[in-house]
Ligand code: ADP
Ligand code: ZN
Ligand code: ZN
């Protein structure tokens, strides 16, 4: 038998199948989708079996070294999805498969070399290598000359040096040890006769096991029952007891308190939205729904009931939530309804925990997975519904290779399983809403909040006016007043600071010089706790200078206000207020996110202060005021979606207020209150926003009127970047149709990163049948070129970042 394998070497030359001989003894077990270890040139690497055949065009094949699985880790369906992702995003197939699997399954292979005979007969350079070690690793060989490397290989072939390899897994199965009586032993009395008279402890342990009439975990014996290791080992040695290992799952999201919940009686509007979804589930029909419901309109309850129906039918559900809204509160809602049937996948879990959650899915032991973007690849085999909450979130698009969008993968998989996809949002992406209006998606609407609470009242404050009135603080008068009232009434508030585009850079007040990274064309960010300046692109750091590096002036200061600064200010102006700050700094430790939110829920603080991560998913009854400190920091980013993102974010944040009995109020501070995305948040008028924004997009030819492709070209030499970019644009202009618009090449907004110069060009098209083939050609041509080592051509279809 011959296995055709895709190897874990991401490069243009290796993006194809390689044939390997299957050792006879594995013939009966071998299946497509299993992991193998194979020799590859001088290396030993991991790979996935894609095909099994009986003949090969090559006649001298190397054998597979190891078979890593008993069961395939990739199902036929997922292999198909992987190929499709690779094709659609122009990535290597291996990259697509790696992103679909938990990191724990990725095995690193480490080669080792030992001596077979005495070293005396070997060349001097080999003898030196083995002077202070008996095992060589790849690091030892780094200093060898080419000639010496050849000699080394020859010695391996001659059998004088032995080559072996070790597999390094990122995580293994967690095993629990159990102790039980040896089933072949007879009575307690008979056993007692085999141990010395004075060995009281051994007798006691035997009795304990006899009385329990079941195995006891080793851990319990040693810690709870307090037997010594010697006692236990003595009995194991005499074979009176035996030890067995059993695989256990690590507990993800430990300490989560689960309150059971029952399906709620739906409101009429909810019922009307759920009905067509249930019909699609019933008819095993692929249909995409866009559930447009204002914040607090009960979308999640609809998801829960749709999932319940799917489970009822013996099928499974994938529930995607943006990483930052995947809060314990969110998970609690799903576990509360479906208990043990829920697996959770998100980046906060350790490699081992993720592996365990993944295996519960793979073994079809759970029915629902709640997870962030990559959970779309959950290895279920009978999917009944795929739900994407907050479908407008750009985090559903992966920024690194493979640059896939979870929404597109969802639709592809749902097509295979003939099941519905539900996209939910209070502020759908323009792309999705336009599709729903055209009838491509089925539009479902929830116009009101569940208990008929009004949407919160929004007050827009013109910060320029504040400044004119002599208020130089970061809080407007209105916000100050409202905060004081809440403190008196013991109600809770959320203060939101949009950090994006607001980094704390350092500028000289005399000459205007901004401290920049010398490798990247970006300003350095100030980190207060370490008093250092760091580059967020390459990691380069400096100690914070005392004087301007350009003119020597001492008048240098930080710009942009971080959450820390707001917190300091709060303690000055509202000393009696208790504040919980949530940002990257306070939530970097595992579980801290959860702890802070629970503390806020227990009302240990009056104010929750934070960044993007508090904009979503929070549902606390006592929040009656939301303050947005800077509404416009995102409006001025070089991105055609900046207005859309501003509106979405403000609407999301506002949605945190007044979700229950107490009415909510929102105060938004802005330097640009007349901008339509700020203005329309006041009336929560998504429709109007959609209309105006669509008008803008139409005028300048942006999505959803056009599709876009961004091509990024980078090289350490500027001349190379420019000439390659021009060549690419020439090819595009020659090959693509005349209605397609090609912009550039131009220098990228981030002109240099890690000492590489960056250029880009943009393709805008409506209908371009040749697109994929032309892009494939470009990528292959430029990446396959000899000396392409320094050149990078990155193609991003439907891009979300333009930097
Ligand atoms: P959304 O996901 O649209 O923001 P949620 O699903 O979080 O809205 O619902 C808001 C609140 O209303 C939650 O506290 C939820 O428990 C409650 N809720 C939802 N549906 C119902 C219902 N049919 N009856 C009573 N309460 C409901
Ligand atoms: Zn840098
Ligand atoms: Zn200066």
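Yeah, the Cβs are placed from backbone N, Cα and C, and that goes for glycine too.
For reference, TrEMBL has these:
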{"type": "BINDING", "residues": "508, 511, 548, 551", "note": "Zn(2+) 1 binding site"}
{"type": "BINDING", "residues": "517, 520, 535, 538", "note": "Zn(2+) 2 binding site"}
{"type": "DOMAIN", "residues": "280-446", "note": "domain 'Helicase ATP-binding'"}
{"type": "DOMAIN", "residues": "543-700", "note": "domain 'Helicase C-terminal'"}
Residue 538 (Zn(2+) 2 binding site) to residue 548 (Zn(2+) 1 binding site): how many Å between their Cα atoms? 22
Checking proximity to ligand 3 here: which binding-site residues out of 517, 520, 538, 548, 551 have their Cβ closer than 6 Å to it? 548, 551
Enumerate same-chain residues with a sequence separation of six or more from residue 535 (Zn(2+) 2 binding site) and a Cβ-Cβ distance below 8 A; give 'none' if the list is empty. 517, 519, 520, 522, 524, 525, 541
Restricting to the domain 'Helicase C-terminal' (543-700), what is the model's mean pLDDT? 83
Largest tally of Cβ atoms lying within 10 Å of a Cβ, found at which of the binding-site residues 511, 538: 538
Taking ligand 2 as the reference, state which of the binding-site residues 508, 517, 520, 535, 538 have a Cβ closer than 6 Å to one of its atoms. 517, 520, 535, 538
If you count Cβ atoms within 10 Å of each one, which of the binding-site residues 508, 551 comes out on top? 508
Listed in sequence order, residues not in 508, 511, 548, 551 with Cβ within 8 Å of the centre of the Zn(2+) 1 site Cβ atoms: 509, 510, 512, 513, 549, 550, 552, 553, 555, 556
Spatial neighbours of residue 548 (Zn(2+) 1 binding site) that are distant in sequence (at least 6 apart) but have CB under 8 A: 508, 510, 511, 513, 554, 555, 556
